[in-house]
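Asks: From TrEMBL, for reference:
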DOMAIN    85-367  domain 'NADH:quinone oxidoreductase/Mrp antiporter transmembrane'
TRANSMEM  30-55  transmembrane segment
TRANSMEM  67-83  transmembrane segment
TRANSMEM  89-109  transmembrane segment
TRANSMEM  121-145  transmembrane segment
TRANSMEM  165-188  transmembrane segment
TRANSMEM  195-216  transmembrane segment
TRANSMEM  228-247  transmembrane segment
TRANSMEM  259-279  transmembrane segment
TRANSMEM  285-307  transmembrane segment
TRANSMEM  328-358  transmembrane segment
TRANSMEM  370-391  transmembrane segment
TRANSMEM  416-433  transmembrane segment
């Protein structure tokens, strides 16, 4: 994948490249149409990277391991298809294709309450994708005499305001469940708390990014009028979500649920960036998508490896792991600091650019800008509180030192390799973030040109 992009993808071309277009169903002009532009190349590379590492992380699974890896790869094809589809119906098909492997991975290899959380996941996401289908069909049939699903033709289409708002609400519900926007986020902690950690890497790293990608790809590009109406409300929701999820996270006793709430909190920054409708804000949102994809996956992987060692889930039963497993302690500390936006890591730069995006937004008045920046800043203060207290409860103290079987293996070469492989892009994006910006900056200008034609 890296080879294909480095040789065949032109960075300075904002149009769609590497296209594939075949007529699939002749009856209503439905094409198998794929293509990649500056917006989707980041998530696609992230997907390939995280999936490779997640299959390496799934090495300890011995029960039906072939089926497990088949489902992981099926999930992978759904994700790549979603990020590269240039057709609304194909987008919907890939969106649904994603659900079946996740459901099976959850219900077969999950924790104790796996059936409950898998059912909750499928109800939320399948129920929300009905709205996605309705919106896609509505846009297709409104367009002309014969229905067309292509993004290019839909992008130049203009709708009556009420109809566009209805379309927007339908798409928004579907994407708000996926990239969890409060109050539709409750499936996420349950799902992450029960799933096997290699599934968690894919869930946190990529599944949550599909919702944010859909918001940009459909709601911003195709429905720009309604987006400028709704964004002032959504940006408030984003600021509330950052504070709410961060303060909920510090009350969680389950390690995986704490990390799950932290990822809900971090997705609030992408919502703020998308709704700021400014150049900096949208670039920062895309950078936050990629940065959190790495950091969230790494934190779930490390929590899973430490669960493999000590078989404990609740934080108040842990303690004193630092002397027993120094390598896991080191990687966990570094990646937690990356998650709380330490300068020099990718999370810091993404959040900084999102802040700049709110402040430079032409759309809002000064007072709302100050309030929203203040709210998001409170969130960045709450983030270190729950992450550092998590580190303190897990690694410091003496609890597990005096345990009967107090000899635990430290992380082996495979686990060390996975965590260092995720750490390297986090640090390199933090040092040189222009690499990610150079992928998306032309496409972002093309999207935002729809908003400033008044």
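For all residues, glycine too, the Cβ spot is worked out from N, Cα and C.
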Asks: So which of 30-55, 89-109, 328-358, 416-433 is most in touch with the transmembrane segment (259-279), counting Cβ pairs under 8 Å?
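Replies: Out of the listed stretches, 328-358 contacts the transmembrane segment (259-279) most.
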Asks: Can you name the far-off residues of the same chain, 6+ from the ends of the transmembrane segment (416-433), with a Cβ under 8 Å from a Cβ of it?
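Replies: Beyond its ends, the transmembrane segment (416-433) has Cβ neighbours at 49, 53, 56-57, 287, 290-291, 294-295, 297-298, 301-302, 327, 331, 334-335, 338, 343-350, 353.
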Asks: Within this structure, do the transmembrane segment (370-391) and the transmembrane segment (228-247) have 3 or more Cβ pairs under 8 angstroms, counting pairs 6 or more apart in sequence?
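Replies: When sequence-distant Cβ pairs are counted, the transmembrane segment (370-391) touches the transmembrane segment (228-247), since at least 3 lie under 8 Å.
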Asks: Other than its close neighbours in sequence, what residues sit by the transmembrane segment (67-83), given a CB gap under 8 Å and a spacing of at least six beyond its ends?
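Replies: Sequence-remote neighbours of the transmembrane segment (67-83) are 34, 40, 43-44, 47-48, 51, 54-55, 58, 61, 90-91, 93-95, 97-98, 100-102, 104-105, 108-109, 198-199, 202, 206-207, 210, 213.
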